[in-house]
Amino acid sequence: MTTDPGPAAGPPPRDEGLQPERTALSWQRTVLGVVLGSLVLAGAGLRAGSTVTVCAAAAVGVLALVPAVLRAPSGGLPGDGRLHSFAFLVRVVALVVALALVGAVWAFGRGAGAA
Amino acid sequence: MAADDQGAAEGAGQRPDTRRPRSVYGVGTEPDARFSLANERTALAWVRTGLGLVAGGVALTSFATFAGMPGVLDVVAGVACLVGACFAGYALVSWRRNERALRLREPLPAPSGLPVLVTGVVVLAVLLAGYAVGSATWP
């Protein structure tokens, strides 16, 4: 059985131009960044004694880490030859926005308290 | 041969493409997967840029505990967090525009977020430098 080497005819055994490692590493860096950001926020919340901030930051970290560990992004082309990037992008962007909102609410709250 | 054709047809996307967003996958033809993956990596780089701003803002908030003028630093930190969220959102916008252009075989749109990012980072740096000089001059 020969396979069609066309670009959309299923994943070839090894496409040197595809370089799935780059995309996979990019995903890993991003998820790691979300987890580190939530850890920084949780640490800051712990020091300030803000339970809500700690819980929100921990939730963001868990929501980022668990799907990435359970189904690690391979970075390559799926078996059906179609990428489904957008759903994953939306999820990670939503987590970053949640982290940003928690941090911004906290910062502005502190700023208003200090002023 | 017939089985091969069927397999090729299946792989070539003869089934209806139900992927969302429809404004992207409903137009044009499938580009080279390498270009789509590069677009994905670019979007992820924008997410990380926004994430860097968010993490910097959060770190600044915890640093403001030890600082002399916590109110100013907290406001700068909050603004950095919100701008980071905007850049994460921009990642989705730019991904959508680039993927559309790739599918329609059009020239890629200009990275309109780049000048905004550079301006924002410069403003943030000037604000923090002003704070540092101010707190050193009038302790």
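The backbone N, Cα and C atoms fix where each Cβ goes, glycine too.
Note that TrEMBL annotation is computational and uncurated.
Feature annotation from TrEMBL assigns domain 'DUF202' to A:15-71.
Taken from TrEMBL, the feature region 'Disordered' applies to A:1-20.
With a cut-off of 8 Å between Cβ atoms, the residues of this chain six or more beyond the transmembrane segment (A:27-46) that come close are 52-54, 56-58, 60-61, 64-65, 68, 73, 75, 88, 92, 95-96, 99, 102-103, 106. Residues annotated as transmembrane segment in TrEMBL: A:27-46 (among others).
The list of residues near the transmembrane segment (A:53-74) in space but at least 6 beyond its ends in sequence, with Cβ under 8 angstroms from a Cβ of it, reads 20, 23-24, 27-28, 31, 34-35, 37-39, 41-42, 44-46, 88, 91-92, 95, 98-99, 102, 106. Residues or ranges marked as transmembrane segment by TrEMBL: A:53-74 (among others).
Look at TrEMBL and you will find A:86-109 (among others) tagged as transmembrane segment.
Within the same chain, residues 27, 30-31, 34, 37-38, 41, 44-45, 50, 53, 56-57, 60, 63-64, 67, 73 sit at least 6 positions outside the transmembrane segment (A:86-109) and bring their C-beta atoms closer than 8 Å to a C-beta of that stretch.
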